[in-house]
């Protein structure tokens with residue numbers, strides 16, 4: 001806890017999934033790079049990925065009760081008011097104990113209690129704490145829509161996400177904060193080390209495949225089903241299939257390796273080893289893949305509100321990738337579309353350049369500066 005009020009205290013609220021946590025931690029890193037005396041505390045719940053990711057990055061984590069928002073009318077909806085009150089009460093305790101100067105929210109069920117505890121309203125505090133909201137997705141969720149109504153600044157990855165500050169027609173468009181280890185990645189310089197790390201050949205095309213932290217069955221089946229075609233074309237594969245999944249890859253004697261792993265802990269090396277990627281199009285995935293200039297075949301999740309396809313559209317429109325529907329992804333598609341791409345160095349180079357041009361490498365620093373400006377303005381008025 002921060003007892004020294006000569007130092008700046010920042011709360012980042014973005015727990016639950018990696019898509020909420022990683023932007024929060026990227027901004028935390030950028031804040032510390034600008035002001036190493038600042039104290040950054042993360043909010044989270046006991047059931048989110050933040051229990052692992054936040055301590056690994058060296059930040060204190062304060063746990064609050066989760067407030068999942070039911071998508072359909074169920075008994076959980078009746079329990080919601082009580083859960084909100086309990087979570088806001090605990091969040092208020094954290095804000096008081098840390099002497100928070102600003103709250104930065106990234107959406108999800110951790111951000112909502114932070115917005116309610118910091119801002120005005122029935123659950124308002126004696127000391128109002130300014131809020132900065134960042135929306136990573138192309139279509140904003142309910143937490144950020146609520147937070148935007150009371151925020152000092154509202155930021156977003158893309159235009160038209162459905163959130164904006166009072167008096168503005170849209171949010172301030174800055175892109176998605178991405179960790180410095182990715183934005184500063186020199187893929188060419190790390191290529192040899194990366195390929196050796198995964199047991200991939202030093203030369204020849206490499207296809208990277210991943211479906212998020214849990215993998216994706218449709219990606220697994222389509223790409224592994226094309227293993228013989230890939231090997232015949234001289235394409236090596238690095239495939240993260242998910243820790244709960246298995247992958248049945250046919251043997252291809254004499255061909256380049258098909259390296260299957262449950263999870264990739266070194267995404268910097270994975271990106272550096274690859275020439276192209278097949279992946280989902282969550283906001284954070286699109287941000288990282290475009291930031292490193294990697295040509296991509298995006299396969300949006302087939303359910304939800306269609307936001308994954310929206311996330312990928314700007315990069316695809318810039319020429320840095322393509323979108324294929326989950327139901328259209330097959331071993332035949334990999335053989336007929338992906339392999340020719342991997343065998344065309346000129347097209348790969350052009351797509352990589354266009355992908356990098358669509359990325360926002362400085363987003364984390366820009367968001368951090370806004371957060372510090374908002375906090376400084378508030379501290380100056382106390």
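In case you wondered, yes, glycine gets a Cβ from its N, Cα and C as well.
As written in Swiss-Prot, here are the features:
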type: BINDING; residues: 17, 18, 19, 137, 179, 213, 308; note: UDP-N-acetyl-alpha-D-glucosamine binding site
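Structure coloured by features recorded in Swiss-Prot.
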residue : record                                        : contacts (Cβ under 8 Å, 6+ apart)
17      : UDP-N-acetyl-alpha-D-glucosamine binding site : 48, 49, 108
19      : UDP-N-acetyl-alpha-D-glucosamine binding site : 136, 137, 282, 283, 284
179     : UDP-N-acetyl-alpha-D-glucosamine binding site : 22, 25, 26, 29, 364
308     : UDP-N-acetyl-alpha-D-glucosamine binding site : 280, 281, 282, 298, 300, 301
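Of the listed binding-site residues, namely 18, 137, the sparsest Cβ surroundings within 10 Å are found at 18. In three-state terms derived from DSSP, residue 17 (UDP-N-acetyl-alpha-D-glucosamine binding site) belongs to neither a helical nor a strand segment and is classed as coil.
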